[in-house]
Amino acid sequence: MSSYGAALRIHTFGESHGSAVGCIIDGLPPRLPLSVEDVQPQLNRRRPGQGPLSTQRREKDRVNILSGVEDGYTLGTPLAMLVWNEDRRPQEYHALATVPRPGHGDFTYHAKYHIHAKSGGGRSSARETLARVAAGAVVEKWLGMHYGTSFTAWVCQVGDVSVPRSLRRKWERQPPTRQDVDRLGVVRVSPDGTTFLDANNRLYDERGEELVEEEDKARRRLLFGVDNPTPGETVIETRCPCPSTAVRMAVKINQTRSLGDSIGGCISGAIVRPPLGLGEPCFDKVEAELAKAMMSLPATKGFEIGQGFASVTLRGSEHNDRFIPFERASCSFSESAASTIKHERDGCSAATLSRERASDGRTTSRHEEEVERGRERIQRDTLHVTGVDQQNGNSEDSVRYTSKSEASITRLSGNAASGGAPVCRIPLGEGVRIRCGSNNAGGTLAGITSGENIFFRVAFKPVSSIGLEQETADFAGEMNQLAVKGRHDPCVLPRAPPLVESMAALVIGDLCLRQRAREGPHPLLVLPQHSGCPSC
């Protein structure tokens, strides 16, 4: 079907070369501030024609909000969004009316429906994912405002080129930000195509090997402008936050494209600060829902969470995530956990706040104004923020408490003004007192979120529509030589992170509403982030 979700339901519609593509979101809470500007950035990251290594289909992908929003706030009614297809060329696919493309859905769609969309694959085209990204952007804003949850995905492998394992393991604990992914993954190519420049201004030859001779580096650096790109220079978005690996990926994709072929790879995804307790035993476990969502994306062929398939080489004593006291786990936090509300009243507890709630679930304490804003006040006198390691692209964004007495768990939820429950802070002495000291499980235990970051990987196969001539049979069983025309990505990976982020947001959003239906006025629990320390 074309719908996903139980409490938060998403429906998408439209074909690749039809008039438009769109989505309907049903179940979204009311009073969420929302505008086109909240959705468009993610669509821009997914948009075709971003560079020479993606499809040259030119689409503006400007989103239109048709219903469900008034005066800048959601109404709680179905929210509909639409994007018009402007660069349609169905005539390029006439030859495919009788010859199904190898690896594509032409044959199976025809077998199922006894008809298939000949132009670009119809619903099986990656164009359909535009609607998912639009829906995911909306849900992502709601989750960010109410729970501080964020989503990041990045390219970790293209063909046999992958991010170093040591860096991958570090990102599992402290993922790169979306800004890091976009900035550090940029690769510039000289007009003659012989020299590559990464985000750290390091130079590479046409094979992706870093230049070491100073004379050669000085000569080739003249090929690039200092402040503005040189005429004829090419900018490639790889969305790999390791600059040196990004260059090798760009070289690999460029080589594949020149052959008229395609190549696949893997996307790593991270859900930072997911609420604790999400997931429904036994068939709607959080990893089962994520796997279903990711495997519903076009071209996906594999999914793993935590250590995944690598866990088969470990013993239980190595793979188990042992629990540790919260004080030891809270020595350092990511920037997403920097915002905290501090109730100045001595001995503030969940029970105390609960007694003060009125029948509508609102808090009647003297901190009501702060709570209702749904914004957590930053305790800048107790925080220390570090930056990003520019050399290897590793995200070092972290916020560390200078006093252990400040370490605590936070209960976060939507505020009353935005259709949710209030926000409160719980001292360490009450509620959850332990957390996982490691995260081999990837943020879930028995299919329920543990409060730790959820990290996973998604494998994408090579694009099936390629320019190389292939010998294949038509629907009548006659052999033909087929070279697919049209505009297609030689590798979908650079445009795939927004897809993965959006599907993850739709899964977590649906599970949050399902858990809230069970919990009633009680806010969901969210743990602050820790990046590990010697004592842990």
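From the backbone N, Cα and C atoms, a Cβ is placed for every residue, glycine too.
Note that the coordinates shown come from a computational prediction; the quantities given were computed from them, not determined experimentally.
Pulled from Swiss-Prot:
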- H17: active site (ACT_SITE)
- 37-59: region 'Disordered' (REGION)
- H104: active site (ACT_SITE)
- 344-377: region 'Disordered' (REGION)
- 354-377: compositional bias 'Basic and acidic residues' (COMPBIAS)
- D489: active site (ACT_SITE)
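Minimal Cβ crowding within 10 Å, among the active-site residues H17, H104, is found at H104.
Recorded residues D489 (active site) and H17 (active site) have their alpha carbons 16 Å apart, per Cα-Cα distance. Around the Cβ of D489 (active site), 25 further Cβ atoms fall within 10 Å across all displayed protein chains. A separation of roughly 16 Å, to the nearest angstrom, links the Cα atoms of H17 (active site) and H104 (active site).
In this structure, H17 (active site) belongs to neither helix nor strand by DSSP; it is coil.
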